[in-house]
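**Q** Relevant sequence annotations retrieved from Swiss-Prot are reproduced here:
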COMPBIAS  357-371  compositional bias 'Acidic residues'
MOD_RES   446  phosphoserine
MOD_RES   480  phosphoserine
REGION    351-403  region 'Disordered'
TRANSMEM  6-26  transmembrane segment
TRANSMEM  44-64  transmembrane segment
TRANSMEM  79-99  transmembrane segment
TRANSMEM  102-122  transmembrane segment
TRANSMEM  133-153  transmembrane segment
TRANSMEM  163-183  transmembrane segment
TRANSMEM  510-530  transmembrane segment
TRANSMEM  556-576  transmembrane segment
TRANSMEM  588-608  transmembrane segment
TRANSMEM  621-641  transmembrane segment
TRANSMEM  653-673  transmembrane segment
TRANSMEM  680-700  transmembrane segment
């Protein structure tokens, strides 16, 4: 995790520069207006030029990043920041200033669009939300430091707006250095181009270990778009006998053998009888079919069912049920029992076509304790001894004893990795094709119910879990395994972005979520308020609060703005802690009402004049409250969601669409705010923003699913499954 965290920190310097510039232009506009005597419409244009540049670059940044990679686009962003800083330092007139702001928009557009994508593609699922909150934290940190600089310069007799804006070139040099010499390319992008050796090395750097077999398998599977998907309710147990070498993986009793992405084990799974699956599959299908609200998207309930009553992330979450899930992608010499003898040879022919030493090191299981934190939490297991009446042995109730025994099944003290977030991936060969299984253990209550009430579990004693599986055809295609089984990734991605993929049901549903939340975020007014905070606070009378300090109204507004951004930082830290615990959806549903209340109180304080001091205090307090709760939820989460919900092959294209909507909305809000302030005043402006926040809460409740802790590939598959299942289902049932 250390490698992924450092890479995320380096990438988010681009967001630091964006935050720095947002605050700097807000402060510099006061002096630009005085120096150049600009009309109101031109004031908005100076600010909006960076937004125009961001919109222009965003329209092509996604497809280009799918073609050239994420890293080159981040390098270009750093170059744009550096050049625009130098030009703004020189700007002799408003025309040159507007050109510099346009270049600034190019840099900001690339950073805001691609940094969340880059982090999502390099971060483990367990901390992806936390790391993707770093752009908000560094952006707000950049704003705070910039306001400190602007406030200090405002105390001088003749502040220079050119110097304020030109300082941007200094931190942009650090960003340029890190993007060129430190940041690796996204491993998911590398896999999509068939550059398996490079992807493996990057994953090893990010994870801090040699064994990245599971991650490599998952990234290859992520190249798939669409395809038929089903859900199954399974009981899964460790295979404790030597299997044969045949490819048949289903016996006459319906018991399946699953091979996975790691070495030394295979597993047996059998479907849970339909009458006993109410805790798992049936409830999830019901979540798609039976809606308490007509307009509520069934996907919201489907995703929610995956997070209900899940095992806690803390504590010892290692598993004995999925310690070394077979090995399909490992190429070590010792093949596990029960696996087809030529299985690994077929996979090796693909993975090693450019590098003969791709084989996973067996020593990965002997890593020291410092490496344990790099491993994803695995399924906890239930160990039970059942008689013919399915009554559990008294000792089966001890979770502690169950987990203590979990490592004994393997003969060592280490568990292998899943694919992240407690998810696991298995494979079954059937009818000349491979089936891929994404497995997730049901919650504690579901497991307890399965032990007591599900007949047909593993006969006799044994260990098993009650798991739900999302099943689809693997990219290990329908060819004979005696030949080349895998469709090479470079052939899958050779055609570049697939515009036709935008018509896939899952992609369309994800676009509705991504575009909708980006539009509503902008029309909640945050960027307009940020750009014009000094003017807004000055009009609200904040100089009264700081008159005893002998500050001018302009300096006082800068100081209040700086203090506001300072208070935002601990709020973002709280959001970082909660992003992978409470989840994205929950944070939005809890923070948006606070935005509404703060805007309503701000409107009331403008309508009812108590005293100048009280009104100034209310206005300032509401602005601070609005900012703090915005950066906890509505600030980072739209970009986080958009970077998670699209398939790898079209992620750049879909992100470009969402980002273009983001920047167009930003332009409209920013350019219209000065006009609105002069026509309908603060009361009208913030009344509109409050109404949009109400609409936003309804949209989140109805349409936005929870994605915390889920691998990107699993998220996109569930979008596809949910959309397909709903489309093919009768109106009342699936």
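These residue numbers are counts, starting from 1, taken along the chain as shown.
Yeah, the Cβs are placed from backbone N, Cα and C, and that goes for glycine too.
Note that the structure is predicted; figures quoted are calculated from it, not measured.
Provide an account of the burial state, proximal residues and distances for the features listed.
**A** Long-range contacts of the transmembrane segment (6-26) within the same chain, counting only residues at least 6 positions beyond its ends with a Cβ under 8 Å from a Cβ of the stretch, are 46-47, 50, 74, 77-78, 81, 101, 104, 107-108, 110-112, 115, 118-119, 122-123, 131-132, 134-147, 149-150, 164-165, 167-168, 171-172, 174-175, 178-179, 182-184, 206, 527, 530-534, 561, 565.
Under 8 Å from some Cβ of the transmembrane segment (133-153) lie the Cβ atoms of residues 8-9, 12-13, 15-24, 27-28, 112, 115-116, 119, 159-160, 163-164, 167, 171, 530, 555, 558-559, 561-562, 565-566, 568-569, 572-573, 575-576, 579, 631, 635-636, 639-640, all in the same chain and six or more residues away from its ends.
Here the transmembrane segment (510-530) has Cβ contacts under 8 Å with residues 22-23, 26, 143, 502, 536, 595, 623, 626-627, 630, 634-635, 637-638, 641-642, 645-646, 654, 657-659, 661-662, 665-666, 668-670, 672-673, 685-686, 688-689, 692-693, 695-696, 699-700, 703-705, 716, 719 of the same chain, all six or more residues outside its ends.
For the transmembrane segment (588-608), same-chain residues at least 6 beyond its ends with a Cβ under 8 Å from one of its own Cβ atoms are 524, 582, 615, 618-619, 622-623, 625-626, 629-630, 632-634, 637, 681-683, 686-687, 689-690, 693-694, 696-697, 700-701, 704.
Outside the transmembrane segment (680-700) by six or more residues, the chain places 516-517, 520-521, 523-525, 529, 536, 539-540, 585, 588-589, 592-593, 595-596, 599-600, 602-603, 606-607, 634, 673 with a CB less than 8 A from a CB of the stretch.
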**Q** Considering pairs 6 or more residues apart, do the transmembrane segment (163-183) and the transmembrane segment (653-673) have at least three CB pairs under 8 Å?
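**A** The transmembrane segment (653-673) and the transmembrane segment (163-183): touching, no.
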**Q** Looking at 44-64, 79-99, 621-641, which one has the highest count of Cβ pairs under 8 angstroms to the transmembrane segment (653-673)?
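**A** Per the Cβ under 8 Å count, 44-64.
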**Q** Of the listed stretches 79-99, 102-122, 621-641, which one has the most C-beta pairs under 8 A with the transmembrane segment (44-64)?
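**A** Per the Cβ under 8 Å count, 102-122.
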